[in-house]
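Trainee: Please read through the structure below; I'll follow up with questions.
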Amino acid sequence: MSGRGKQGGKVRAKAKSRSSRAGLQFPVGRVHRLLRKGNYAERVGAGAPVYMAAVLEYLTAEILELAGNAARDNKKTRIIPRHLQLAIRNDEELNKLLGKVTIAQGGVLPNIQAVLLPKKTESHKAKSK
């Protein structure tokens, strides 16, 4: 018996998540697991879940920023589904991406057909002259 215990062994480095390695907030490990379990392909490369998590994080940040602006325009401090709907439908690219998506409690965009608007008539002063 040497009596040394664990003093001479190598110190293992602290575990670092793949999300933190990639500088992401979204979970790379969970995306990888879901890609494997989803029967999308027989094998999933190491870079695929990182890329997909980055894309999901970017899209989420974009939608939340626009929804936050919509909430601020309505003098609210909390984002509700209506703000998400307004943000997505007023952005051309997001509207194209999420065109077939229905957002619960989102409502519709305010829109009045031009034909239904009252016709512009001359003012009273112009008629009297």
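Residue positions begin at 1 at the first shown residue.
Keep in mind that glycine also has a Cβ here, set from the backbone N, Cα and C atoms.
These came from Swiss-Prot, pasted as-is:
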type	residues	note
COMPBIAS	7-19	compositional bias 'Basic residues'
CROSSLNK	K14	ubiquitin cross-link
CROSSLNK	K16	ubiquitin cross-link
CROSSLNK	K120	ubiquitin cross-link
MOD_RES	S2	phosphoserine
MOD_RES	S2	N-acetylserine
MOD_RES	K6	N6-acetyllysine
MOD_RES	K10	N6-lactoyllysine
MOD_RES	Q105	N5-methylglutamine
REGION	1-22	region 'Disordered'
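Let's see these features in context: how buried, what's close, how far.
Mentor: Panel annotation: around the compositional bias 'Basic residues' (7-19), residues 25-29, 32, 49-50, 53 of the same chain, lying at least six beyond its termini, place a Cβ under 8 Å from a Cβ of the stretch.
Within 10 Å of the C-beta atom of K14 (ubiquitin cross-link) sit 5 other C-beta atoms, taking all shown protein chains into account.
Close to K16 (ubiquitin cross-link) in the fold, though at least 6 residues off in sequence, lies no residue with a CB less than 8 Å from its CB.
Around the Cβ of K120 (ubiquitin cross-link), 6 further Cβ atoms fall within 10 Å across all displayed protein chains.
The 10 Å shell around the Cβ of K10 (N6-lactoyllysine) contains 5 further Cβ atoms across the protein chains shown.
Take the CB of Q105 (N5-methylglutamine) and look out to 10 A: across all protein chains shown you find 9 other CB atoms.
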